[in-house]
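Scroll down for the structure; my scribbles are underneath it.
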């Protein structure tokens, strides 16, 4: 069991950039510029200072998380095998392909080994580039091989420093998004500070470095920043084309680096669809964004050797359906309120039906079942019937896929983030409802002429940010693992609201206290006070955190990996838990029967069969299952066999018992149709060395955590 133990010791204000001022010829500081040249110089100076602050904060964040990682594990001092074990579960699997490419005789041979891989799944040859999102490992390994840095930097440091460097990109993108929304880089500074002080809830990069989301989320943040700029009014054609290119590149990189990209972009497409239907975004720009999503995903599909899961994604079906429905319903945005509401209802139903039909047709043609476990999980999670499906229950019982814990909000509130976020969210939601009703009630031509006369307005970029945060908030509330998509944008949204001229203008007008000067004073003073509060409250804690020194400590796993490397042939096939086998592949290079990348139906069925080692099965049946996958050695873990982490009904052995129709162990209720098993639990009974077990299995290694058995090779 991996543990961490205690280490043994031997400003001022600035102008609004790129954002039109509310008052003609009035700058954000409330002063009328004496001449245009002075105003331009002030803007250039402000943009320069804002840019320097953004880059500085990004680099500081990168150094901060890198230091935390070093302090937590003493990474520079531990052995290579310990470093590799610290890449837990699927993180180790992904890093193993980087290591494989580095150790290959040539780049061509390394790529061939990935395309024709027969060590990740025994008795099968699979295409790793098609099955998994590991192009980032391929690119990084090639870069390491061709750059003259081998003598100065170990491969593992090149890898982790790249990921920590991407955190700088992430923070800069959040900073820029908030800056674009509010018109002041003070907002970006506040967003970055909130991201850092809420690190526990905004990122987990320092202890899950190779995880796909740590590669993907920085590019997603860049994409959102580019979309925010794209939705501004009065862009020049050249600016618009360059921004669309930036959106495409960021979308492509996001899609290439994370297998769950299609689900995140589906939520983004829903946000665009809602706003387009309510006339809150320019239809032409929304259409381009739909096309960019489709083209980016299809390009990734080509690079992943026409991965069928991408072709059968709901995102492609939805975006195509929206474009078709628009063609059918050409007069969607004409008429009065009731007429338009009727058309919108029909439009939504048409898009929904087309999406389901197209998706079902594609999956039927491709015989696609790779993502069925996700829909089984969602069906069970939201109460559409209980399930005994092993895969669905495996997800349901994991804390990461449960509801967002309530203590998350107390942590976010301690930095004032959640309070400000709730305040801004309420105000902009009310404004959005008013604007949406006005849009649906008004003639489009007259609406454009009267926009300046309305008290309540909502710019397209702010409207998108609002719906984006609401939809991703719903996702985070329902699934804790996805909170990082919400909390990072929460920092952007809250800081934008606190520094927004429009928000404070609306509040002051409602209170009959509005003046341009008063708005500017509040717009800058409240964020500065908030920044001072955060600094004084959290700076000492950050310093204490950086001074706390611990070290990696997992002697049992280290002993297991060293034994495997020293006492088993390179061609040996190992069976065991998904999480442990990822480490076996990384540390020893041995062949696996199963692994944690779960997006394949055959692998899921194989994993359920392998896991019968923790179920109530006869030794002959377990032996037959293991040998059918070419297994030479099986690793049993006491932490799974005698699991206490989960409650009854969610322990792995319970999930297997229910799936097999057997009564669960321990006190408690069982469903009436479950029956007692004819055999004892395999992982417990094998340790008694009974003849019925020893004829098939011989124990060859044992420590406090692991038991390794060699399978007999019967004729």
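Glycine is treated like the rest: Cβ placed from N, Cα and C.
The following features are taken from TrEMBL:
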type: COMPBIAS; residues: 1-10; note: compositional bias 'Basic residues'
type: REGION; residues: 1-34; note: region 'Disordered'
type: TRANSMEM; residues: 41-66; note: transmembrane segment
type: TRANSMEM; residues: 179-197; note: transmembrane segment
type: TRANSMEM; residues: 217-235; note: transmembrane segment
type: TRANSMEM; residues: 242-258; note: transmembrane segment
type: TRANSMEM; residues: 264-281; note: transmembrane segment
type: TRANSMEM; residues: 312-329; note: transmembrane segment
type: TRANSMEM; residues: 341-362; note: transmembrane segment
type: TRANSMEM; residues: 416-441; note: transmembrane segment
type: TRANSMEM; residues: 462-480; note: transmembrane segment
type: TRANSMEM; residues: 486-508; note: transmembrane segment
type: TRANSMEM; residues: 520-539; note: transmembrane segment
(request) Count the Cβ pairs between the transmembrane segment (520-539) and the transmembrane segment (462-480) that lie under 8 angstroms and are 6 or more residues apart in sequence, then report whether there are at least 3. (result) no
(message) At a C-beta cut-off of under 8 Å, are there same-chain residues at least 6 beyond the transmembrane segment (179-197) that contact it? List them, or none.
(response) 11, 13-19, 28, 46-47, 49-50, 53-54, 57-58, 61, 64, 171, 203, 225, 228-229, 232, 415, 417, 461-462, 465, 488, 490-492, 494-496, 498-501, 523-524, 527-528, 530-531, 534-535, 538, 542
(request) Quickly jot the same-chain residues contacting the transmembrane segment (264-281) by Cβ under 8 Å, restricted to those at least six beyond its ends, or write none. (result) 220, 231, 251, 254-255, 258, 289-290, 293, 297, 313-315, 318-319, 322, 332-333, 344, 347-348, 351, 432, 435-436, 439-440, 444, 447, 458, 460, 463-464, 467-468, 471-472, 475, 485
(message) Counting only residues 6 or more past its boundaries, what in the same chain has a CB within less than 8 Å of a CB in the transmembrane segment (242-258)?
(response) 133, 135-136, 212-213, 215-216, 219-220, 222-223, 226-227, 229-230, 235, 264-265, 288-289, 292-293, 295-297, 299-300, 303
